[in-house]
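Remarks on the structure that follows.
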Amino acid sequence: MFSGSNSYLGGNTGRQPPQQPQQQYGGFQPNQGFQPQQTGFQPQQTGFQPQPTGYGNAAPLQPNFTGYPLQPQPTGYSQPSQAGFPGGQQQQQQFNNAPQQQNFQTGAPPIPQIPQQFQQPQQTQQAQPPPAPPVQQPQATGFAAMADSFKPAAAEPSKPRGRRASKGGAKIPSIRLSFITAQDQAKFETLFKSAVGDGQTLSGEKSRDLLLRSKLDGNSLSQIWTLADTTRSGQLHFPEFALAMYLCNLKLVGKQLPSVLPDVIKNEVSSMVDIINFAIDDDAPAATNAPSFDGRQNTATPPTIQQPQPMASNSALLTAQMTGYPGQQNNFSGGFQPQQTGFQGQMQTGFSGQQGGLQPQPTGYNQMSNPQATGYNGPRPPMPPMPSNFSSHLSPAQTGMQGGMIAPLNSQPTGVDGQWGLVNAPAPNIDLLHSRMMPQQGREQGNFTTAGITGNAEIPWGITKDEKTRYDSVFKAWDGFGKGYISGDVAIEVFGQSGLPKPDLERVWTLADHGNKGKLNMDEFAVAMHLIYRKLNGYPLPAQLPPALIPPSTRNFNDSIGAVKSLLHQESNFRKNSGATLLPQKTGVSYLKNHSFRGDATPGRTGRKDATVYKNNDDDVGYKSSARRRLGASSPRPSSPGSTTSNDDLSLDQLRKKIAERQVILDAIDFKAENAADEDDALDRKDRREAEDLYHRIRRIQEDIDAHPDASLRNVDSGAERRALKRQLQTLTDKLPDIASRVRRTERSIADAKLELFRLKDAKAHPGSASSIVGTGPGGAITESDRLKARAKAMMQQRSAALTGKKIEASNDDLDAPKRLEEENLKIRTEKENNERMVQDVEESVRDFSRGLEDSLKDGGESSSSEHEKRRWEDGLGVEDEVKDFIFDLQRSSRSARVRTDDRSRETPRTEASHASPAPAARSETPSSQPSSTPTPAGGSYSQYKTPEDRAAYIKQQAEKRMAERLAALGIKAPSKSGETTQQRLEREKNERAAKLRQAEEEDAKREAERQARIAEEQGAPPPAPEQPKETAKKPPPPPSRKAARSDASERKAEEERIINEQKAQIIATNELEDDAQRQEAELAKEREAAQARVKALEDQMKAGKLKKEEEKKKRKALQAETKQQEARLAAQRAEIEAAQARERELQRQLEAIDDSDSSDDDEGPEQVTPQASTPTQGSQELERKEPSPPPPPPSIPVVVSPVPAIATTTSLPSPTPQVTSPVVSPPVDTETRNPFLKKMAQSGDASTASTASNNPFHRLPAQELSTPAPIQVQPTGNRPSRVRPEEDDWDVVGSDKEDDSSDDEGPGAGGARHLASILFGTMAPPRPLSSMGNEATSAPESPAVASPPAATPPPPPVPNFNAPPPPPMPSAGAPGGPPPPPPPPPGMGAPPPPPMPPMGGAPAPPAGVRPAGLLGEIQMGRSLKKTQTKDKSSAAVAGRVLD
């Protein structure tokens, strides 16, 4: 709101003519010191023509009352004039209700009296702040009536013109404000329209009345007004009014008002205010007494002037000025300064960059200080400048002083065609369009509409800088690969999001794709987006692209191409016309006038050669080729330092001399070449030797790696293993908070239970004390309400006692009970806090440990260089063919060794279990099994620690130990312990190194034994004899320790039981962690196997196309054929010695029968004195398949039979527990077997199921079975009758594991699917008699031995010499009374029954339904049974059968 108003000019002619206010744009400082100027001798017939009051970019101006408030009068003439530059916006002041002023005879309009506030002497040079004017009406600022301004005034206003017709009332754009909701905005619009009426702004008084309804205090309303009035005009546009309502709501809900508006809200409000001001239509001017200039009027069609855009939103209003007095302006930046009118030489308004104030100019004669009469008949006032032409550019006209200093001006784009990216008009809905056109999900459906992005804003042809920035961001978002263009298919998707119909999008593409390239660059994409933007705001698409939208790149590119074409055309014509087409290479003369295509004929540049002339200058180079000059001897050879004359001038002697010299040189060259060749050969031989040596060393290292105990770990993908370990570590770490919370809950429960127990005990000890009060407070505390209840209860008891006559003993302990309870509560709380600190310490230590593990896993990650080296030296990528073949050969040998290791590892668990099965006494003497069975002496047991701190430290120590062991097994170094001293760490590392050294020595010994056995097998001879003492010396230590262990067996047993009982708490605490770790290890093993399978498949694929593979296949086939032939020869040899071994077998059976009868009543478990290393044979019935293990602690009497000439046997008796074992018989000392059944079974083993596989082509040879007594292996690696020895081991080990400590029978460890099946199906049916086997005979059948044994057994009948099926498996320990079902016998084989097993003295009585022992005795005596013809071989080897 303006603080002052201008007065109307009065009716006396002695006063100054009116002064039109003129805006001085861009400044806030008032121009002081303007003196009233004289009007000169101008005839004032029709008044003064109004002059331009602003610049082309001026914001819309508001009307100002410049006279008395009660009778508004026009200050000049409402016909605006042309400012003289394109895009200039004229200001117009009109009042439809202004009455016509009378024309006096003087020709000048009557001047009203000067208001009181302006009656000052004219000599006053100081500016006065004008008072506040009355309510002002909005001023139209369009260009519709610009051309009509030069015509005679009409009697009534013309109708509005422009793109949209004028409507009554406030014009509010359809733009959503983001800081209020749509419903609130609709309500505010209704309220604003009802309050503003036909105007566009809400005055300060009305705004005050509306804001006072909010009941807010004056300070808040003042702050709200300051924030809302963004234009500082004293009036509110609709967005400002909505902002004021929004701020009032913030204050009403209790929020603080912001000191400064946020940029988003401020920009939205300012932009909408500018749009409202620019959208105001121009109305027709009111009738005035302006003179008619018909004679000088330009009748041509006025040009179409581009709508200018505002530079700032706060320069929208005029500053009211006194028209007749200088200095009547305020400090508002958008105000106009008073300017004298009527002088021809006015200032030019179409340029920028000048500074300084406007100097008032006289309108008549210069320096006239006295007012002049208005009736002077001189020249008329100058007509306002008209446009000089109506082309695309308008000529500026002079409107002020030539060369005068003006206020700083900002250069504004005029909107003329060809201007690119310089328009600064507000861009409504551009944010919505930008967000719509960006890549978004769901765009594949294509269901886009124009809802939400359409509008009716006025948009110029030119693209604004803000729009160009947004279009470029959309382009870059879709051009993900940075190609610099967008193809047609992408453009369909982008432009389709606008919702425009397909024909419009086709026209947009046609207009934007300059040159029909099928793709759009960044500028062309901006053009297309701008066309879409205009179309969404109601503008039609043009038929052709206007010059304003032609991208500079396209325009400049076409111009540059045209310039180059023109240059080439001109140069070609010049050469053709001037004869310059002659070859300058021959003439050496350039026929061009200039040495440059640019036509720069500078005399100083004539010596410089360029592309116009080319002539090679041989002097500029250091080498000259004379070969081309020697052809035909047309020119002499150029001189050289070594030859001054030609060969023709030399004499014969000279020529001979030169030939001899050349011959000497050639001989020297040949000699040097021979020496070099010899040296190269020597170097090649040396390199070959070194390479062979390296190959050999690499092979040895690879063999050592394959034979290492941790060789299986290196085949695992380290990355996958590391990720699996990280996942396992994360899983365990995630469980820590839950475990800690459960511990804390348990501690709280314990504390509550202890407190409750104390209350009960205290109440029992002091029946009448106050401790009987039950506390209901937190933690069982007694509250005041509990005491009141107790007192009321006591009073009731006293009253009831008084009524009944009973006596109530008064308690004196009322004060002591709370004290005792408080002491106990404090004690319990202290203990609870101590436990909580311990739990926190454990949590922190576990977290530190997990962080250390995670860091170690991260540090061991593979880099790109290591990955490259791995692919090069393991996959053979990027190396020579010879090296690649060597790598593949190493991999093949490594896989073979790994398969052999896997075969041995399958038997290792059972062997270790056989060592771990004896009593604790024997276990304590075994170094290998001692760590797993007895606790570490340094660690102690869980029960040894009495305090919670010690127990927590013990649990932590054990957990760290187990984790370190697992990490060591995986090949990861465990992080150092924070609480471990240097001495302890050195001691621990020393022990670890010693253990690893012992293990490595044992593994080396095993590998050496296997290698010797393998060599012996390949040579077809039995193993060397010196190995037997070695193995014997290796195995026997357990038996000698038997007596020493038996001496303190009871003590160790008691200690073991006590330790087991004490470790229950620790087992409970760590059981869950170990189960999870085992599960993770199982998953890791599966992943490792999968990775190995993938690697193996990849290797097989790489080798598939190799020629060497075919050669290897041929060699393998030949080797297999040779193996089969050798097996055939060995089978024939075995058949020849079968007869010689029959007698040996009979003597062996008799000896076993005698041994069994002698030891039938002994309770001692099976014992084997002779080590397994001396019993390598496996085919006979009498051989025991298990490793020697420490004897049990109970006293046992082993029956050692004196050796016969060919056999030394040791029979072990079964224990009284229901365990079925078989006797053990040692073979001859010389380890050479002559058992024909062993060889028969080796031949028939092809039809049986092999427990392990082997890659050895000689696996069927008996020599291998004879010479592979691995120290920890139970079975040889070759094929053999697989249903004899594993099942015997299974029976023994299960029995020894499952029975009590009193039954300490030996037996190797067993496991696997067959063992489990024998346990499951061994007891499902009653025992089957041996008659189901038919009349077959087997070389080594295992008798079930479940019937009551006789005192002695007769010698077995002779056994026919033919191949027989393998024996049935031994029953498991879980089924003591039932024998396993026999395997299906082959058809057509009738033979006496097999010899029986020695009787088991301690076997229990058979269960009900079992056949009597007499039948078994008859069968053992040789009774013939019915022949069977069963041919079904599909059942499993250990499948059960249902008997009738």
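Cβ atoms here come from the backbone N, Cα and C positions, even for glycine.
These figures come from a predicted structure and were not determined experimentally.
In Swiss-Prot this protein carries:
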- 1-140: region 'Disordered' (REGION)
- 14-56: compositional bias 'Low complexity' (COMPBIAS)
- 184-272: domain 'EH 1' (DOMAIN)
- 216-251: domain 'EF-hand 1' (DOMAIN)
- 289-309: region 'Disordered' (REGION)
- 467-556: domain 'EH 2' (DOMAIN)
- 500-535: domain 'EF-hand 2' (DOMAIN)
- 594-651: region 'Disordered' (REGION)
- 607-622: compositional bias 'Basic and acidic residues' (COMPBIAS)
- 632-646: compositional bias 'Low complexity' (COMPBIAS)
- 685-763: coiled coil (COILED)
- 797-1444: region 'Disordered' (REGION)
- 806-875: compositional bias 'Basic and acidic residues' (COMPBIAS)
- 914-937: compositional bias 'Low complexity' (COMPBIAS)
- 947-965: compositional bias 'Basic and acidic residues' (COMPBIAS)
- 980-1157: coiled coil (COILED)
- 985-1017: compositional bias 'Basic and acidic residues' (COMPBIAS)
- 1045-1061: compositional bias 'Basic and acidic residues' (COMPBIAS)
- 1076-1113: compositional bias 'Basic and acidic residues' (COMPBIAS)
- 1198-1230: compositional bias 'Low complexity' (COMPBIAS)
- 1339-1350: compositional bias 'Low complexity' (COMPBIAS)
- 1351-1409: compositional bias 'Pro residues' (COMPBIAS)
- 1411-1428: domain 'WH2' (DOMAIN)
For the coiled coil (980-1157), the mean pLDDT of the predicted model: 75
For the compositional bias 'Basic and acidic residues' (1076-1113), the number of residues DSSP places in helix, strand and coil: 36 helix, 0 strand, 2 coil
Residue distribution over DSSP helix, strand and coil in the domain 'EF-hand 1' (216-251): 25 helix, 1 strand, 10 coil
Secondary structure content, the compositional bias 'Basic and acidic residues' (985-1017) (per DSSP, counts of residues): 33 helix, 0 strand, 0 coil
Composition by DSSP (helix, strand, coil) of residues within the compositional bias 'Basic and acidic residues' (947-965): 18 helix, 0 strand, 1 coil
Per-state residue totals over the domain 'EF-hand 2' (500-535) - DSSP helix, strand, coil: 25 helix, 2 strand, 9 coil
